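Residues or ranges marked as compositional bias 'Low complexity' in TrEMBL: A:1-17. Positions annotated as region 'Disordered' by TrEMBL: A:1-36. Summarising the annotation, TrEMBL assigns transmembrane segment to A:45-66, A:107-129, A:141-160, A:186-213, A:234-255, A:296-318. Feature annotation from TrEMBL assigns domain 'ABC transmembrane type-1' to A:103-317.
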């Protein structure tokens, strides 16, 4: 009997599990000595399975993270190795006006985008969750911006919102003054928020669709029997049923909004809007730390601050969720 | 079990320590010598900046000629896209993968030379100095460092396109575009008034080269600190503020990039914009009505000297094939090959005597020919106004402070004082 056929038979006969117990791992026949040797290797077996994944995490997540933290205490440049400077980068950061501008804009961005991304995709999901002819088209259409390149999306919106773009042509055609979407600091940030919301709707809609599929139909029927209308059912049945998904969407969108880069970069320009007024923290990291003269040490210090704030946000959301569960 | 956990922990700690130590020691990349003595042989990695799409045949021929002239050599040509070129260079340099011969501009070569990655060609190839225009050879001299760090390659000036129809509509003479900043400001205000703010003269706020062309002293003589907050600099920003308030600058001037400014010119909502031969071809194809009305004139200046854009070829100081790399960089930039390249596209050779060729002195009756002859004449006395030490971060700092002056958030003097302070701070930490 070949080892291969033994393996096949063992796999095909789960009822004979006790007999497999005697067989070595992998179903290969062997003597007592071989069994003992393999047993002694058992504790390390999980590490063999975990090894590749751990190495990838260590190489691509842990190492860059530790390296960033280490760099934040140095004056490292892109091409010149750094010297230890203690907390000098963090002290500089406190006195850097652009850092505070970046922090303010990142927080504003989050405050503007997250409520919309929690509520609008849910409403959209309720619309497309209905089974009716042609609904698949609308589901795909709403999801299209998610798969579109953010650069292409950004450029399209720049053309739309330009002083002589489509939106302003309509506005002036109706007899109103042009709206300075791309030259006013506040409107620039709002325009970038709109792009983020428009691009994110489809993604979060899919998450809500999955959650809505798990809401028992009987709950809606019972509420209807009790005389609840559509709006009341939404607040008393749908929202409580998808509350944990709303928390998840809130957490994901707030982290993404806080780390916003592409939309603001494309719409407000690399210098971050007029006078840098629309610079976000991640834009500041990119501007400070990249290029041949990049100040990697200082950019790393900003990155560490962004990490701490993001982590804090996640913990706050989780804690709020746990309290409500309790 | 306990042993295994300990072993795993030890391995993890060791791995972590090794990784952290690697992080601490990975970026000092200098080294190598400035000597190019030895036999010309081996494989040379050659990197250009966005040239493959349009000039593939030219470069393939050039490489074949070099390999024929120096048997035993091979050239591996790499072309990088225009966007994020500096980031690509920094990534390669940090990883120790910088090609042997690299297409650079002075502001790109400065940090590389400072990190000890660019060969001092005054030492390695000083014998070729006489082949190049003196100003071009010196264009890769760097403040605070002795020597020259790239072979000068092709040169260009930045001509301005202007819309003759918009000039005529505003009552300005379409055959007499502004030559000085004073004329530019007056024409801009006139145009904005007559078009009731609908047509702006320019799409951008002043950049560092505008300060240079205006006659502002950008740095002190030692190149140790910036001085563009002097009276002339303040005057320039004050005049631009008047343009902005009169709507003679595009309403999106504070955020416009080159692409956006080009689009405004194509939409005929601004009257003047920098341009080149490729833009002209684009307008011919996409905006024929604009193309018919395009006039071409040198960029305005108060100094009598145009701005010169310089491209160079740097030799990697860590190259393993230095003799071949230096020979190839010299080969690409020699008079014959630069002249051949100038026949492919409107660029100007940096080699001595090339600009006296009839190709650059006689017009052929076309707009392009007129631009070429005018630019070739201007380039003999042109100056590269942008200091080599002026990094991307400094450009953003200047742009942001000038924008604040335009918005009235700061006075021109305060804005420039702050820009200079920030640029000097960045210079110290560079």
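Glycine residues also receive a Cβ, built from the backbone N, Cα and C atoms like all the rest.
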Next on the checklist: Against the transmembrane segment (A:107-129), which of these stretches has the most C-beta pairs under 8 Å: A:45-66, A:186-213, A:296-318?
Outcome noted: A:186-213
Item to check | Close approaches to the transmembrane segment (A:296-318) from elsewhere in its chain (Cβ under 8 angstroms; 6 or more beyond its ends) | outcome: 65, 68-69, 71-78, 82, 85, 89-90, 92-93, 99, 102, 106, 110, 247, 250-251, 254-255, 258-259, 281-282, 284-285, 288-290
Checklist entry - Hey, which bits of the same chain come close to the transmembrane segment (A:141-160), Cβ under 8 Å, at least six residues off its ends? => result 124, 128, 166-167, 182, 191, 194-195, 198-203, 205-206, 262-263, 265-267
